[in-house]
Amino acid sequence: MSLNMNSTFRDVRKSAFHRSQTLVYRNGFAVPRRPTVGIGQDPLLSEQLIQQQISELSSETPYITHGSYQEQGLVEDFIPAYVALDKKVLRFYAYFEEDILFSPKEQHRVCPVVIYYYLEDDSMCIFEPRVENSGIPQGERIKRQRLPRNEQGEPYLWKNLNIGMYLEVYGVKYNITQCDAFTKEFMESEGIVLNDPEPMPVDPYGQSRKNTLPSHITPSSFDQMQQFIDMDRKVLRFFALLDDADALFADTRAVTIQFYLGDNTVEIREVHEANSGHDPFPILMHRQKLPKKFKATPQNFPSCVLEVSKAEVEEYYTPKDFQTGQTMKLRGRRFLLYDCDGFTKKYYQENHPDIQMKPSEVPNKTSLVQLRKKEVPPYNGFGSLEDSLQNCLYLIPEPPKKNVLKMLENNNKVLCYSARMESQNPDDDGRLFILSYSLANDMISIYEKPTRNSGIIAGKFLKDTRIPKPGSAVENPEFYSPADFAIGATLHVFGRRFVLTDADQYVLNYLESNAGQIPHQTLLSFHQKFGVRTENNQAHDQNGDDVAEPSS
């Protein structure tokens, strides 16, 4: 028996016969699995075979059952109905009659409606136009849906609609009287002949409301009801600036003043600006009638408890009192009217042609509110002037700014003067002091010299502080400087008077080096003082030398 070497044997141990996956995931992407390369098979050759099969499939022409590809021609694209008929709506005008029970004035009411038919999905909706001041809930009667035509639930189609027919929906009969131009053109293009349009019947009760009732009394010159009917929702709007200069924090705010012509009421709304620092309250003054002139009230009228009623008001504000370019005082506040809207200008041209509503230039906030400088309270004596002033300028006081460059240049430079106190009290008169002026921070310190049997403790009399000149303003004080320290000058230090009597040689050197900033009178007093001292020293030295020569 011969054995065929090309025959294969089935593996009896194989238990899984599923088809292997054709895709594998690499780096998060699904890619085709490469075929297993057998022994002696080139992997590049297998990839070329796969690419060749893909190119053959992509270049293969589709099989055409009827005729050749050239005879088939171009095939038009299919457009679904919801795309072709999108936003195409048929509109019919109709009405229905509503019976009114238990009313002697009317028996039925004619209500006009508009019927919309949407061609894309054969849905319909019925809308009743709103009548102003009717008191009847109107609007959408039936929301968009397919309306049943019979008991079997078959919906109405556009083929079933025509002028002059009755459309019965949920027990209500709608008589179609007319349609728009697009509906007429569409129906005729589909081969449907429309009936002639019918007139819309007149509602008897609505017609009776338009007719004025006969009046047998003399009508008043001013009818509030007629004013409300004619002027309802007609508002005059003025653009103004609120001048709030009398407040603690003077500021101007942009507001709109609205005058309602229906009842002569006024409302003031604030225009909120970003990062203005004000709370965004929309209404500055709620809608109310503003009294312009009051009647004479008795002195014992409790105005702080009771509000002013109509009995105390003689005249209210009217549109004649508002004019652009003028400043009005409403409720104790000043408002500058600088412009108005187009409706307001038209109203004044038709009803008040003598009042010119020309827009004025909007002033700047600083020019409108002439900001007065904040009055700084008088110095109370606690702390320095600069520290006390910071409490008035900031809620959280900040330390006063210092001149760092000046402090570095004049570090440890001090001018020393001798002073004598002048006082009406004989115990204080003639007390001797040393006055030190620090050039780094312009501060003055005073030390008292010890005097025998005076009964006064010597030492520090005034710590380092800046001393303002008498009569200088608190908010911008003028402090003492070396230019004011002349020999014989009197200094006023917080209610005490000191007379400068002498100074050291360093003071004279400093004044001579800065002679351009020192008054001539001050420099001359030092020259005279130091000149006298120099002459005495020279005479004393000469006498000493004369005495020493003979002894030697």
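The backbone N, Cα and C atoms fix where each Cβ goes, and this holds for glycine too.
Predicted automatically and left uncurated, TrEMBL annotations should be read as such.
Taken from TrEMBL, the feature domain 'DM10' covers 86-191 (among others).
Among the features that TrEMBL reports, domain 'DM10' is placed at 232-352 (among others).
Summarising the annotation, TrEMBL assigns domain 'DM10' to 411-515 (among others). Here the domain 'DM10' (411-515) returns a mean pLDDT of 89 for the predicted model.
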Is it possible to list how many residues within the domain 'DM10' (86-191) are helical, extended or coil according to DSSP?
12 helix, 49 strand, 45 coil
For the domain 'DM10' (411-515), what are the DSSP-based totals of helix, strand and coil residues?
12 helix, 43 strand, 50 coil
